[in-house]
Structure formats: C-alpha cells, structure tokens
Amino acid sequence: MPTSFTVVPVETQGEERQRDGQLREEEDEDNERDRGAGDGIARESSPFIDCAELGRGNMYEGKNMALFEEEMDSNPMVSSLLNKLANYTNLTQGVVEHEADEDSKRKEVKGPRMGTFIGVYLPCLQNILGVILFLRLTWIVGTAGVLESFIIVFMCCACTMLTAISMSAIATNGVVPAGGSYYMISRSLGPEFGGAVGLCFYLGTTFAGAMYILGTIEILLTYISPSAAIFKVADVGEETEAMLNNMRVYGTCIVILMAIVVFVGVKYVNKLALVFLACVILSIIAIYAGVIKTAFDPPDFPICLLGNRTLSKRNFDVCAKFTESNNETKTTPLWHLFCDSSLLNATCDDYFSLNNVTEIQGIPGIMSGVLTDNLWSAYSEKGSIIEKKDQPSVAGSEESKMGGLPYVFTDIMTYFTMLVGIYFPSVTGIMAGSNRSGDLKDAQKSIPTGTILAISTTSFIYLSCIVLFGACIEGVILRDKFGEAVNGNLVVGTLAWPSPWVIVIGSFFSTCGAGLQSLTGAPRLLQAIARDGIVPFIQIFGHGKANGEPTWALLLTVGICEIGILIASLDSVAPILSMFFLMCYMFVNLACAVQTLLRTPNWRPRFKYYHWTLSFLGMSLCLALMFICSWYYALIAMLIAGCIYKYIEYRGAEKEWGDGIRGLSLNAARYALLRVEDGPPHTKNWRPQLLVLLNLDNEQLVKHPRLLSFTSQLKAGKGLTIVGSVLQGIYLDKCTETQKAEENVKALMGVEKTKGFCQIVVSPNFRDGISYLIQSAGLGGMKHNTVLMAWPQSWKQAENRFSWKNFVDTVRETTAAQQALLVAKNIDLFPTNQERFTEGNIDVWWIVHDGGMLMLLPFLLRQHKVWRKCKMRIFTVAQMDDNSIQMKKDLQMFLYHLRLNAQVEVVEMFENDISAFTYEKTLMMEQRSQMLKQMQLSKNEREREAQLIHDKNTASRSAPAAEASVAAAVPEKVQMTWTKEKFVAEKHKNKDSNVSGFKDIFNMKPNQSNVRRMHTAVKLNGVVLNKSQHAQLVLLNMPGPPKNRKGDENYMEFLEVLTEGLDRVLLVRGSGREVITIYS
C-alpha cells in the first residue's frame, strides 16, 4: 500500500463541482438559444471554443469534426476551401500565400466572363500584327528575296511558337495574376531573374511604344500629309535629316498627347482596342483581296526607269525625255532634272544621254512570273541606286553628281542580320493572353489555345504575304522603302483593293492604337515589379492615383519612350526592343525547361504538349536571334540584365516564391554532396570547416560576439561554418525560445559577416546537447572538421562547477570524432572586424606535431585585413639532447617548402630541479580539488537532511486525512520522528566526518605526476611570456586531458597556468591528420 498520495481539499472539490454545474447551465442556455434560432435543429457548442466566438461564421458546427477543432484556424475544412475556390476571382484564395499577405488590400475583380476568342485570340492578334507588316515587310521581301525573307519569318515565328508552348505550360500550372510574363518568370526563376527580365520586358514594351509612334508619324508625313512637315528639304540629299527632325518634333508632341489620354481616360483606350483591331483585320483583308484582283486585273502603277535605274516620281509626271506635240518635240520636266537647259542640244548627264527611259508596271500581278526575279536577295550599301537586275543599261563615264538626280536611293546599308532585328518586333505580343488571365472563364484552357492559334494565324499571314508580295510586285518597288517610284504611295497600299487609302488609314489607326496600348501596359508592368519590393530604387513607381493608376510609372515610361523618339529612326529602334523581348522569351523557355527537368511536385501543368527539349530549343533560338540581330545590342542588354540581377541579389528584399532556381540549387547541392561523400578531402583541399559553439544568456543573446568576429576573420567567407548552441530543456517547451535564439544568432552572423548556417539544439542537459552537435551537425561530406569554442572563464566559481566538466568532455569528444579543436582564451579581447593591427606578431608555439594545423591557421588569419600586417613567428622547443642549430635550419627549410613566410626561433628548455613554487602550486591545486569534493559531499548530505524534514512536514499535514489507512504502515516504511538526541548525534557525526576530512586535506602530499605536469606548465609559460608577451595572438599546442577522469579539474589548472599572463591565446588541438603539404 502506498505511503503517500495526493489529497484534494474538500473546499477545492466543492469549487470544481460548482464550476462544472455553471458550465452545464451555460451549455443548456446556449442550446436553448440555438433551438430558438428558427431552424429547429439543436446545435451543440464546442467545448474547445469560447462561446463568444460561436457567432464568427459558425465554422465548427456539429460534432463530426470535433477531433480537428483545435487546428481549424490554421487548417480550414475542405468544404470551406472548395467553397472559396468555387468563388475564385483573380486572387489566390484558400491557402494564405505570400502574395495575399503582402497585398491583402487588393480589390476583387468582377467575375471572369471572356472566352478564348475574345479574351486571348483577338488581343494576341492585335498585338502581333502591326507597324512592321505595313511599313517594312515589302521592303524586307525586296531586299532579302523571298527565300531569305521566308527563313527570317520562319525563324522568328518558330521562336515565338516554342516560347508560346513553354508559356502555356507555365500559365496552366496554377493561376497567373496581373503581371503576365513578369509574374511567370519571377515565380519560376526567382526574384533576381524575375526582376532583371521583368525590367527588360518593361523597357522592351516602352521602346515598342516609341516604335509604334514613329510608325504613326512616318505614315502621317510620308503618305497622308507630306505638306505637314515642319522641316523642309532645302538642299538635295538632306531628305533623311529633315525627316528625322520631323519625327522628333511630332513624336514628342504625340507621346505627350498619348500620355495625357492614358492618364485621363485609360478606359477609353481599352474600349477603342476593338476599333483598332478592326482596322488591322480590314487592312489584311484588303491586301488579300488586292492579290486576288491582280490575277485578272492588275492595278495601274507604272514605274519609270532610266536604263536599269529606278526614278522617283515626286518631281515629274511624264516618264519620257521629250514629247511629240503638233509635230513639235518638247523636253519634259524629267529632261530638266538631268540637263542644264530645256533645249535639245543642252548638256545632260552622261548616263541620261546613253540610256533610254522606259516604263514598266509596278504590280504585274500574281500570274506574271515575277516571283522568280524576287527569289534572291539584293543587299546594298547606303546611298545606292535601286536598279532592276535584268534591264539593259549603259554605264556613264561620270558618276559623281548622282546625289542631286531623281533616283530612288537606299537610306541604310542592308544585310541579313539587320533585317532580322527589324522584323522581329512584328512577331512580339504573344503575352497579351496571359496578361488577361484574370478576365478569362477558363484561363487553363484559353491561354494555350488562344495564343497558339493566334501565332499560327499570324505566322500564316506573314509567310503567305512574303510569297504573295514576291509574286505580285516588281522587285524595284519592293526595295523602294517609302514608295517614291509610285508617287509616294505606301507600297503595300498599291496592292490593296479597293484603294491604297484603306491600308494607309488602317495602318495609321492600328499603329496609333498599338502605341496607346504600350503606354497603358508598360506602366502597369513597372508598377507590378515595384510593388513586389524586389528592386528598392523603383519602389516609388508602385504608387499612383487613388484608383490605382500608376502615375509615377507613366511619367518614367514617357521619359524612356522619348529616348526612342529622339533616336527617330524606326529601323534603329526596332533592334533595341527585339533584344529586350528576346531576352524575356529566352527566360520563359528557361523557366519551363528548369521546372520540367527538376520535376518538382508542384509542376503539374494542364497543358501537356510540352517537353524540355522544345523549351531548350526555344531558349537557344532566342539567344541565337539576339546575336544575329546585333551582337553589341545583345551584350548591352545582357549587361543591363546582369547589373539588375546583381543589384537585386545584393540589395533587394529576399523573397521565397518556391522558384525553380532554388530547386536547381537544391539539386546541384544534392549532387555536389553526393560527390563529396565519396571520400575524405585531399590534404591540398583541407580547410577548417568550423562548428562554432556559442553560449547564450537568459535572453537568448550571444555572450561572446567576438567569437563570430574571429570566425569570419579565420574563414573570410570560404568553406563551411556552422554556428551552434544548446538550450537546456525539452523541445516542446522551448520552441519559442529556440526560434528567438536562432533569430538572434543569425542577426549577429549578419552583423559580423559570418557566412554559414545556424543550428540550435534543445537537450535535457547542456553536456548532451554539445555531444549531439559534434556528432550530427552538417550533412554528408559537408560536415565540420574543426570545433571552435571559448575558454570557460568562470570554471573556478562554485556555481559553475559543471562548466569545466563540460569543457573537458568536449575536448575528449572532438578527439574521439577525429576533429580539430580551437579554444580561444580571453575571447572578449580579440579584435572586431573593424579593427586593424598595423604592426605586431602572430606567434606560433609548435611543441608537438599535430598535422600542421598550427602552421595553417596564421596563414588563413593573415588573409583578413584585421591581421594582414602582422608578422608570423614560429617558436619550437629544444630539449637537452637536441641540436638547436640544426633544428632551426630544418624548420626554415620546411617552411620554405610550405611556401610560408615566417621568422623561426628555437627555444632551449634545460632540465632543472622542480622549484618550490611549482611544488606549492601543485599542492594548492590538489588541496582545492579535494576540498571541492568534500564540499560537494557536505552539500549532498545537507540536501538529504532537508528532504527528510520536508517528508516529515508533508506526512504530518496529510496524517489527519489518512490516519485510518496508513497508521500501521507508516512506521514500518519511513522513520518520520526526530528526537533531540538523534538530531544532535547526526549533527556531531557530520561534523566529525567533515573535520577529519579537512585534516586529511592539510596533511596530504601532492601526486608526483601532477608535480611534473605543473613543472612543465610553469616552465613553458615562463618561456612563452618571455618571448610572446606583447604578441597580438599566441597559438599554442593544447595538451590532451588525462585518461583518468579523476584528474579533470587538475587539467583545467594546468591549462590556466600554461596561458597565464597572455592577452589573446588560441589553444590548438589537431585532429591527427595532415592538413598542410609541401607538394603542389
């Protein structure tokens, strides 16, 4: 029968019964209230939830889920999760992700309504078809020929098709909120890549706006109203410069006008989008209708040729040298342009005199067979005359005055790669569908279908137009960029039916609309990047008007757009935005390839027709096109992206988006760890991989921050560093303290620039926690090989009687684990990272060989700027039988082969008698040790006595309540009664034993082994003090602890004596393996 048990007082029991009764009454009242709610169904309140919270959504109705009620706040019921997903708008719901945390105030979007055709197909069509089709495609076909033009278009369309496949896979792998391509890249490749490519895509969209505006002005001033030009052509040959200046003036005015429209009424821009799209579609239909009409009724657009040279019809109307009227020969305006007078005997240009003027049809029609003439390229230098290849001509003797003659000249030098750069912007715009993902009924289905269909449609239009242009239009007209040979008409307009004005007006409005769309979309993209907070210097552009319109971003966009306007040449701006778009598409492909190869569990796209090889091919094609377009633009774009990447990495906010680059890093780390696991590192690769043992105070703050400073000085960011600490207790109780300690340690690591990992262990006692860290810290081949800790300064104090035991056990365990040990004594005197030693020495006392650790550590320290100017000195100790001169020579040769610069000194320690001081110090040490043991025994007895008194009091209190049941049993088991005689006898007994113990202490003689060790410590300390008292740092071999554990406290005394009087000491105990070698 037990002697003691817990007795609950009657009053307490009564209180508990009363409280239970009150709870039951409250539950009955709640049930009555629930029954009266109107549905007639009784609801039971949960015993786990306060009644005050029952009105909060009634999440916990019924008893079916009572087992999970405590977790409902963090883990919602499946029914509520599905209900939220069913009511999905454009925001991620159900699971609280970082996007919702960072922007909890987003306004809900109206229910998605658009299907594939309206939501994806038409926007993509509108963005892809544009200014290049109307203004430059005929010129590209004429210059590169049908075959090479076909290759250019096919390459560009293949690039966008492969990118669309990759984009479809990413876009259908979950929800893509606002931000489109930026969101996809950043969440797939991480904030650094996302920010860099997002800003490049923003710059591309902005320059696209500039290109569309320049196209608008070119149509206006060249084809609609040439008289509106502000800068007139004063001298022959200045047409290009005057045109560029007109572009700059009109472009600046239009970009300001468009910015005002976007700022005031962006909703009108969106409403006019369909009007602009209708203009594009009507224009394309007009082109196809014109092609069909040429088969039976070609339009009449005659071209005037002088020999084989094309003439500009801007200054004359009759294509002849003279005319016959009433049997009278009259010279024509063309004659006046080539001759010095209107007389038939006037002096004329030599080429004009030798060649005839002929007139041919500019559009012979699809059945004419002109396709064979236009198959091959006709690249030319800047300022060359456009010539018809198979036309007969006689070369003139004087070619110097061609500049003032009415020929059609090329305005730029043409070659294949340049044409690729100019053409590529015409296939961009494939992201329009993914940007509208929030407005679609089924984005997972609509984005792939609509985008791929749009690319297929536009690719067919472009490829067919190339063939049809080559088959219908004369080559000299195709190469005539501004239509000078056809009275200043738009070349593609001459082919259109029913009138060239259909194309002119259609292209004008479509380019105007595209420019407005760019100025609308680019600021929102910049705003999305700014609000993510990954690029600190653009965060101001995340702000805007009260309704969310990005005012500041719009101003920056207009400013960058103005740079493109000042360039003024559409042919110069097009390659710039080609670079930025190609870089964006390249990273979309990379994102898909990385995610597919990593096979992350979250990679589950609904679009199944993708493969990593297609993504890799698309990425390679994008990179190749970048360098084909312009290698220097490609390098500049990469440099800009690289600078942004490094800036975000260095200064940007850290984001965890579960991106593919992190997954790639984990895979690479796993692969590297498995490779490292194969075997121990070679001596040449050995470096200290540190486990730093920190002590924390009651507030979980680091006691010795200088230990981390010393770590960073020793490591300089190289190799592995694990910073560990131990909290005493049980992990379940210490979770919060563990997190706090980890945060504090990581913060200090950041301050001290210690690059490494933090590991906090909770253990029932400090000793076991240190053991766990030594055994298990690190992973695979990335484990520590060296332990760094501070010397326990207060080991002699009574309240820290276990600190020295923990220390000695740590020394033993590092030796057993074959790990090196570094013990920093007086760690608080060590320098911070901001200090600089301008002079002084690092002294190494090499007593025994430990694998060369003592040699390597000063070399590593001197790599850091704190110790860089300190000199290294090596001391070794010679015994009586050693030849100190030869030892010094050998050591100098050894250091020479090790490639270490150090002064060498051999210190002779002669045998002499053990001094009285050493004998007395050893005796005091052993007496102190014995006294501590006696005091420990006395304390144990006092604790036992206190426990007996406590038991007596407990028994006396519980006796009345249990008298009947334990009266007979208590005397048999425990003696609860104390008489005065017994108490005095026990007291005298303890006193006598203590007195006899202390008498033994004062009569004892020291152990001879301890005397010898103390003699060594005293002698060596004297030698070290003599040579190294003023050294900045002293490194000493650390002797091992005694094999007999009874002498552990004496071991601490030996180390104390050995280092006495020195400011900064690093005790080094090698692992037993060689860590430094003379071989290369």
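Residue 1 is the first one shown; counting continues down the chain.
Each Cβ is built from the backbone N, Cα and C atoms, and glycine gets one as well.
Annotations in TrEMBL come from automatic prediction, not curation.
As annotated by TrEMBL, region 'Disordered' applies to 1-43.
Annotation source TrEMBL lists compositional bias 'Basic and acidic residues' at 14-24.
The transmembrane segment feature in TrEMBL is assigned to 114-137 (among others).
Taken from TrEMBL, the feature domain 'Amino acid permease/ SLC12A' covers 120-294 (among others).
Positions annotated as transmembrane segment by TrEMBL: 149-172 (among others).
Cβ atoms under 8 Å from those of the transmembrane segment (193-214) belong to residues 130-131, 179, 181-182, 185-187, 247, 251, 254-255, 258, 425, 428, 511-512, 514-515, 518-519, 521-522, 525-526, 528-529, 532, 534-535, 538, 557, 560-565, 567-570, 573-574, 576-577, 579-581, 583-584, 587, 637, 640-642, 644-645, 648, 652, 657, 659, 661 of the same chain, restricted to positions at least 6 beyond its ends. The transmembrane segment annotation in TrEMBL covers 193-214 (among others).
Long-range contacts of the transmembrane segment (249-266) within its own chain (CB-CB distance under 8 A, at least 6 residues past either end) are made by residues 209-210, 213-214, 216-217, 220-221, 230-231, 515-516, 519-520, 523, 549, 551, 554, 558, 561-562, 565-566, 568. Positions annotated as transmembrane segment by TrEMBL: 249-266 (among others).
According to TrEMBL, the transmembrane segment annotation covers 273-292 (among others).
Annotation source TrEMBL lists transmembrane segment at 412-432 (among others). For the transmembrane segment (412-432), same-chain residues at least 6 beyond its ends with a Cβ under 8 Å from one of its own Cβ atoms are 120, 123-124, 126-133, 136-137, 140, 143-144, 148-149, 152-153, 155-157, 159-160, 163-164, 167, 180-181, 204, 208, 211, 377, 379-382, 451, 454-455, 458-459, 462, 571, 574-575, 577-578, 581-582, 625, 628-630, 633.
Marked as domain 'Amino acid permease/ SLC12A' by TrEMBL: 413-691 (among others).
Residues of the same chain lying 6 or more positions beyond the ends of the transmembrane segment (452-478) and with a Cβ under 8 Å from any Cβ of it are 116, 120-121, 124-125, 128-129, 133, 137-139, 141-143, 145-146, 149-150, 153-154, 157, 160-161, 164-165, 168, 284, 287-288, 291, 294, 301, 303, 305, 310, 360-366, 368, 370-371, 373-375, 378, 386-389, 408, 426-427, 430, 433, 485-486, 491-492, 494-495. Residues or ranges marked as transmembrane segment by TrEMBL: 452-478 (among others).
Sequence annotations record features per position, and here TrEMBL assigns transmembrane segment to 498-516 (among others). Only residues 6 or more beyond the boundaries of the transmembrane segment (498-516), in the same chain, are considered here, and those with a CB under 8 A from a CB of the stretch are 126-127, 129-131, 134-135, 208-209, 212-213, 215-216, 219-220, 223-224, 254, 258, 261-262, 269, 272-273, 275-277, 279-280, 282-283, 286-287, 289, 489-490, 492.
As annotated by TrEMBL, transmembrane segment applies to 552-570 (among others). Long-range contacts of the transmembrane segment (552-570) within the same chain, counting only residues at least 6 positions beyond its ends with a Cβ under 8 Å from a Cβ of the stretch, are 131, 135-136, 203, 206-207, 209-211, 213-215, 218, 244-245, 247-248, 251-252, 255-256, 259, 262-263, 519, 522-524, 526-527, 530, 540-544, 576.
If one looks beyond the transmembrane segment (576-598) by at least 6 residues along the same chain, the residues whose Cβ comes under 8 Å of a Cβ in the stretch are 159-160, 162-163, 165-167, 169-170, 173, 181, 184-185, 188-189, 193, 197, 200-201, 203-205, 207-208, 211, 421, 424-425, 428, 564, 610-612, 615-616, 618-619, 622-623, 625-626, 629-630, 633-634, 636-638, 641, 660-661, 663-664, 667. According to TrEMBL, the transmembrane segment annotation covers 576-598 (among others).
Sequence annotations record features per position, and here TrEMBL assigns transmembrane segment to 610-634 (among others).
TrEMBL lists 821-1080 with the feature domain 'SLC12A transporter C-terminal'. Per-residue confidence over the domain 'SLC12A transporter C-terminal' (821-1080) averages out at a pLDDT of 70.
Outside the transmembrane segment (273-292), and at least 6 residues removed from its termini, the chain residues within Cβ reach (under 8 Å) are 122-123, 125-126, 129-130, 133-134, 299, 366, 461, 465, 468, 472, 492, 495-498, 502-503, 505-507, 509-510, 512-514, 517. Same-chain residues lying 6+ beyond the ends of the transmembrane segment (149-172) with a Cβ under 8 Å from its Cβ atoms: 140-141, 181, 184, 188, 416, 419-420, 423-424, 426-428, 430-431, 434, 437, 443-444, 447-448, 451-452, 455-456, 458-459, 462-463, 466-467, 470, 582, 585, 588-589, 591-593, 595-596, 605-607, 609-610, 614-615, 617-618, 621-622, 625. Within the chain carrying the transmembrane segment (114-137), a Cβ under 8 angstroms from the stretch's Cβ atoms is held by residues 211-212, 215, 218-219, 273-274, 276-277, 280-281, 283-284, 422-423, 425-430, 432-433, 436, 439-441, 445-447, 449-451, 453-455, 457-458, 461-462, 465-466, 469, 481, 490, 492, 503, 506-507, 510-511, 513-514, 517, 570-571, 574, all 6 or more beyond its ends.
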